[in-house]
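Here is what Swiss-Prot records for this protein:
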BINDING   35-41, 63-65, Arg385, 411-413, 494-496  GTP binding site
ACT_SITE  Asp36  active site, proton acceptor
BINDING   Asp36, Glu37, Gly38, Lys39, Asn61, Ala62, Gly63, His64, Thr212, Arg226, Asn304, Thr319, Arg383  IMP binding site
ACT_SITE  His64  active site, proton donor
BINDING   Val379, Thr380, Thr381, Lys382, Arg383, Lys384, Arg385  substrate binding site
Amino acid sequence: MSTSATNGTHYEQLHQGRTKMYKSKVDVVLGAQWGDEGKGKVVDMLASDVDIVCRCQGGNNAGHTVVANGTEFDFHLLPSGVVNEKCVSVIGNGVVIHLPSLFDEVLKNEAKGLQHLENRLIISDRAHLVFDFHQHVDGMQEAEKGGKSLGNGVVIHLPSLFDEVLKNEAKGLQHLENRLIISDRAHLVFDFHQHVDGMQEAEKGGKSLGTTKKGIGPAYSSKATRNGIRVGELLGDFNLFSEKFKSIVATHVRLFPSINVDVEAELARYKDYADKVRPYVKDTICFLHTALRNGKTILVEGANAAMLDIDFGTYPYVTSSNCSIGGVLTGLGLPPQTIGEVIGVVKAYTTRVGDGPFPTEQLNDIGDLLQTRGFEIGVTTKRKRRCGWLDIPLLKYTSLVNGYTCICVTKLDILDTLPEIKVAVAYKKPNGEKLDHFPGTIAELGSIEVEYAVLPGWQTSTEDVRNFKELPENAQSYVRFLESELSVPVRWVGVGKGRESIINVH
């Protein structure tokens, strides 16, 4: 056999080995609008059949509500999959973690019945920490901007995580210690990150981006400028951790002289947190790749949503991380070929929290009705959400970026009382010319006119329907219209709060 033939065979063998090295795929659930689409409920439904559920980006600035066995759990850092005692939950390296918030979240959910997280929660050693001063600066920056709010942002605030766990354990969530995993590469959010977060917002004076003041932006800023502190460093030589902590505090004090950080008290607190978080931490990259090679099923729960992505959202009214499909890869250390289904979650109308452009917003009785019937209050911010009609150009854009393989439409029942329903089908320039792309700047988006299609309502309750064919004909037509416009199949339709209210269309 010639050398070239031998080399060709060797290449083919290696190539086939690389393409077939994984026995399973990673399915991803992403918000297709500005958040609050109901991703947590979809993840809760799908998590009953998977081995591992992951968070890959953001921090405790995003909120999910999951109803399980009649108990309502609120999650901010914890993946929604923790309610399933049979699966492991992973907080990946792309998350920023405020440890006080993490522990607070654990405690609150333990009080709701969530148990044994130490056996089923894994935190990446590469995740960055959010400190309290990050949160203080966050508020300062927001205040500086003056009024306008940017919305929302995984980095881990450990106190918040454990508080969330405790609260949900009290509601019945059990055995988390066996099924929650946090990446050892996830960054930590410290209390000072949160302090800084508020300061930065305040200093901006006029325009406000609507930070949740959880320190997410400042923590990602620390990460990007390479002076952030990761979970793994907290668990290593504490003297080295102390030196880095003092250095990062000094940097923030120089930038924001009004922040006050009791360094020694914080170090004592984090020495205690190190012992508390240690059982959860490991190399999540190795863990996930081993799981895929062994055929384990993995589900990724996206935080925030596509239109809040720092690159593809309505910048600057966005969060500080990539919450589109790319963030899944970088936030968990996965290659593209591991991605399977990409599920876009679409609310049957559109909402957003805080300021920023919103082409289909209804500042009228329709908006009030959607807000009231949909109980559109932010889980994290407690602010009323702005409401408007479904926006097809926006959804086409986020589908383009994320490559949805199917869609779940949620909260269809909120439209039950309307005699007619509008859907945005095109954007027009002021001269009447239709746009063939989604505007890339706030100025351009603010100048567009919206063209609507008017569809008949059904004025019948859908809350108790559990079969797609039993939905009112006009409700079915509404779903099919969305499917046709996006050229993406609708796989599920939600008509209520619990997982049992999600209808399998096919």
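Yeah, the Cβs are placed from backbone N, Cα and C, and that goes for glycine too.
Everything Swiss-Prot records as a feature, shown here on the structure.
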| residue | record | Cβ contacts under 8 Å, 6 or more apart |
| --- | --- | --- |
| Lys41 | GTP binding site | Thr65, Val66, Val67, Ser80, Thr410, Gly494, Lys497, Gly498, Arg499, Ile502 |
| Lys382 | substrate binding site | none |
| Arg383 | IMP binding site | Val353, Gly354, Ile377 |
| Lys384 | substrate binding site | Gln371, Glu376, Ile377, Gly378 |
| Arg385 | substrate binding site | Asp36, Thr351, Arg352, Val353, Gln371, Gly374, Glu376, Ile377, Gly378 |
| Leu412 | GTP binding site | Ala348, Thr462, Leu471, Ala475, Tyr478, Val479, Val493, Gly494, Val495 |
Give the distance between the Cα atoms of Asn304 (IMP binding site) and His64 (active site, proton donor), rounded to the nearest whole Å. 10
Pairwise CA distance, His64 (active site, proton donor) versus Gly38 (GTP binding site), rounded so that it is a whole Å: 8
State the count of C-beta atoms found within 10 angstroms of the C-beta of Asn61 (IMP binding site), not counting that atom itself. 34
Within 10 angstroms of the C-beta of Gly38 (GTP binding site), what count of other C-beta atoms is obtained when all protein chains are considered? 23
Here the binding-site residues are Gly35, Gly63; the one whose Cβ sees the most other Cβ atoms within 10 Å is Gly35
Pick from Thr65, Asn304: which of these binding-site residues has the biggest number of other Cβ atoms within 10 Å of its Cβ? Asn304
Would you kindly give the Cα-Cα distance separating Gly38 (GTP binding site) and Asn61 (IMP binding site), rounded to the nearest Å? 16
Per DSSP (helix/strand/coil reduction), Leu412 (GTP binding site) sits in helix
Between Gly38 (GTP binding site) and Gly63 (IMP binding site): CA-CA distance (Å): 10
